[in-house]
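Notes for the one structure printed next.
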Amino acid sequence: MKFEDLITEINGFGRFQKMILCISFVGRFTLPCHFLLSNFIAAIPSHHCDISSLDAEGIFGNLSREQKLTVSIPAQDDGTPASCHMFSYPQFHLLTNSSSSSELPVVQCQNGWEYDNSTFISTLATQWDLVCDKKGLNKAVTTIFFVGVMFGAAFFGGTSDRFGRKPMLLVSYISGMAFTLASIFSTSFIMFAVLRFFSGFTITGIVIVSVVLNVEWVDIQHRRLVCITGSMAWAVGSTSLSLFAFCIRDWRWLTVAVTSPLLLSTVLWWVPESARWLIANGRAEKAHYYLHKCAVMNRKEEVISRIKPEALSIIASDEGKKNYSYLDLVRTPKLRRLALLTGTIWFCVATMTYGISLNITGFGLNMYLTQFVYGAIEVPSKLIVYYLLEKIGRRKTEAGAQLLAGISLMINIFIPKDQWVGRTVVAVLGKGFAVAAFCTIVLYSSELYPTVLRQNGMGYNSFLGRLGVCLAPLVLLLDSFWGHFSQTILCSVALIASVVAWQLPETRDRCLPETIEDVEGTGVLFRSQKSKCTQKT
């Protein structure tokens, strides 16, 4: 008997699996909030030099606030006070003379800044004066966080294959919550940046582990359902972030609000270890324990009562009891080719998706509505993916989504920039296709790698994906050399990923490989569910 047959007999998508899915949904809801949190906590409100010290000395006399600003700070082209400079001494003649102030002597702000609190009560910029010469540090927050995510993906991918899915998921919940909450008590920007790095490092384990855990507990027919349902947590989290940010304008309390679901996930802790992983690692007794719990909850207790732990041991090969590492991804030819292909796709799709997300403009909406629209776009995209995964398969869906995203980017290169409506519509379509590609490759990769290396494979892929995320903002900076440089690169990346995706084997209606031999063709064949999973003879 194969594990696929056993999980089907005890109901491959019963109350047990739905409970796992619901709990992981709560935890994954937090991820997009943290991935996009810098859009709000690192925002730079309108500001100008603080002139309160001059006012305290009585230099201004009975001047109104507007008059004080006029004589103290040069005006920009739009008439607002300059953000980073002030006059070297008050220019009282400007009150009666409308001549230009551009030729008057100016100096950098001497006593800090005064911020407009109409939109934000507090941000990182207002907390540590990250403006003017230090303005780049706000963007550095995002990069630092994603560097942590990148290394965290590799860490949790390897450790969860070695120590199990359940303990590493709990580690990610608790440590991610601890580092994030600790960051709100930072007394300096450096302290905050370090804690933000570790927040990204630890919180990424949630998606790395939960995706695989969900897939390993369901039968073949429901793998796409749990993948799409789980990915909907990203759409819900993205749209909810705009509501959180709109209601909470202080960066500390906003951070607390988007982290709170992790506390709920920890309190409601009821997540079983992966029976597949236990069997693959020679722990048949423990696997039987969780399978029994699954059968009881799914009202299939009579099925598991006929199966002894010794029978489960037959499923695991001696090779499956070894400790595996990332080096095993490149030891054998077919697995090495698989790692190269999936890694390339993850890097490309992540670069493209975040490149499009950071470059969509022209909505004419404020930042809260824009964030809401970005999240809402993902819902129809993922519903379409759910349909296509069954109808045309994983490979065609992935390659097709990448191709259409590339075409969308190519079209935008030729649309004049003053036609913002057309550019926005095409860009939104491009993001929808990019989201579809990202959603598909997560499920696709988890089905391609064997159980003994599945977390290592997902960790490796996620590492490359996060590397692409880190590079996406740098790609957009290339527009300073040529206005369409970034779009050309992102288009090329999407088309390359589409070609690479066609080289992968289809996994629709096929059993998950358990060992390296299954991938190399010397163990269990990738057979259709209709013909069951059989041992190669």
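Using N, Cα and C of the backbone, Cβ positions are placed for all residues, glycine too.
From a predicted model like this one, the values you see are computed outputs, not experimental measurements.
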Could you tell me which of the ranges 26-44, 140-158 is annotated in TrEMBL as transmembrane segment?
140-158
Matching 197-218, 395-416 to TrEMBL annotations, transmembrane segment lands on 197-218
Sort out the residues at least 6 away from either end of the transmembrane segment (197-218), same chain, that have Cβ-Cβ distances under 8 Å to it, and list them.
7, 12-13, 16-17, 20-21, 24, 27-28, 30-31, 34, 144-149, 151-153, 155-157, 160, 165-166, 168-169, 171-173, 175-176, 178-180, 183, 225-227, 230, 271-272, 274-277, 294, 442-443, 446-447, 451, 454-455, 458-459, 462, 466, 512
Candidates 140-158, 251-271, 338-356, 484-504; stretch with most C-beta pairs under 8 Å toward the transmembrane segment (421-446):
338-356
Sequence-remote contacts (6 or more beyond its ends) of the transmembrane segment (225-245), Cβ cut-off under 8 Å?
13, 17, 21, 24-25, 28-33, 36-37, 39-40, 210-211, 214-215, 218, 254, 257-258, 368-369, 371-372, 374-376, 378-379, 382-383, 385-386, 389, 439, 442-443, 446
Report, as numbers and ranges, every residue of the chain located at least six residues beyond the transmembrane segment (170-191) whose Cβ falls under 8 Å of a Cβ in that stretch; write 'none' if there are none.
27, 30, 34, 124, 127-128, 130, 137, 156, 198-199, 201-206, 208-209, 251-252, 255-256, 259, 262-263, 265-266, 269, 271
Report, as numbers and ranges, every residue of the chain located at least six residues beyond the transmembrane segment (338-356) whose Cβ falls under 8 Å of a Cβ in that stretch; write 'none' if there are none.
329-330, 398, 402, 405, 409, 427, 430-431, 434-435, 437-438, 441, 444-445, 448-449, 457, 460-462, 464-469, 471-473, 475-476, 486, 489-490, 493-494, 496-497, 500-501, 503-504, 519
